[in-house]
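Input: a single structure, listed below in structure tokens.
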Amino acid sequence: MGANTILLITIHLEASLHQPMYYLLSLLSLLDMVLCLTVIPKVLVIFWFDLRPISFSACFLQMYIMNCFLGMESCTFMVMAYDRYIAICHPLRYPSIITDQFVVKAAIFILARNVLLTMPIPILSAKLYYCGRNVIENCICANMSVSRLSCDDVTINRFYQFGVGWTLLGSDLILIFLSYALILRAVLRLKAEGAVAKALSTCGSHFILILFFSTILLVFVLTHVAKKKVSPDVPILLNVLHHVIPAALNPVVYGVRTQEIKQGIQRLLNKIW
């Protein structure tokens, strides 16, 4: 939370950072903060004070925000990968393609796509008939953890959850892979001394973080499907880590390792002191 807050303040106060790339980074930081505030406070209250109860409305709201904002984060990664592709593969056209209007349109697309497609997830779960013990085996209101408590058939819920998840995150991941593959091909053709190493260092760290974001989600889904063969604590741990680790690493990988942001943070700290 602290790193993302510093990043947002720095980008807001530094006029030199008022550029499309940093606007996208601000959007990513905002998404990380919302996800953390949605999940982590309740998890900490459970572990510290053993306060486990949560109302149905709060549970379904948490479920919706998690699904919606994880999809937004994945889509933001895709847009940022496209931004890096244009910057490296078509540098002369970058100012005319990646504009403030492009960022606005991308933000509207990210918002509309995920808000609309994830809306049925909590609605389908809320319409189920819960007739038994309303205690989920999770510290987070994950869709399938809640749906399994009902006495109704949850086949539609399960298919919609996985269908939307794989459609949104899968398509994003394919486009991200394609962008970085084209970036790698263009970088390997560079003749300038040190340019290849610098480009690979920057884009490599971005890609590793995105790969981690996708991999931990894939492992979580697989362990959830094969629940009988895996300890019940594993999906819970992976779910919490999936909300904490990317949010902690994003400002470091995308922000602090960027020279312009590093200089902006230094100037901000100098003003404060």
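Cβ coordinates are placed from backbone N, Cα and C, and glycine is handled just like the others.
Annotated features in TrEMBL:
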type     : residues : note
DOMAIN   : 3-254    : domain 'G-protein coupled receptors family 1 profile'
TRANSMEM : 21-49    : transmembrane segment
TRANSMEM : 61-82    : transmembrane segment
TRANSMEM : 102-124  : transmembrane segment
TRANSMEM : 166-188  : transmembrane segment
TRANSMEM : 200-222  : transmembrane segment
TRANSMEM : 234-256  : transmembrane segment
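Counting only same-chain residues 6+ beyond the ends of the transmembrane segment (61-82), those with a CB under 8 A from a CB of the stretch are 21, 24-25, 27-28, 31-32, 34-35, 38-39, 42, 54, 106, 109-111, 113-115, 117-119, 121-122, 125, 140-143, 146, 164, 168-169, 172-173, 175-176, 179-180, 206, 210, 213-214, 217, 242-243, 246, 254. Beyond the ends of the transmembrane segment (21-49), by six or more residues, the same chain brings 1, 4-5, 7-8, 11-12, 62, 65-66, 69-70, 72-73, 76-77, 79-80, 83, 87, 98, 100, 103, 106-107, 110, 139-140, 240, 243-244, 246-247, 250-251, 254-255, 260-261 to within a C-beta distance below 8 angstroms of the stretch. Confidence over the domain 'G-protein coupled receptors family 1 profile' (3-254), given as mean pLDDT on the 0 to 100 scale, stands at 82.
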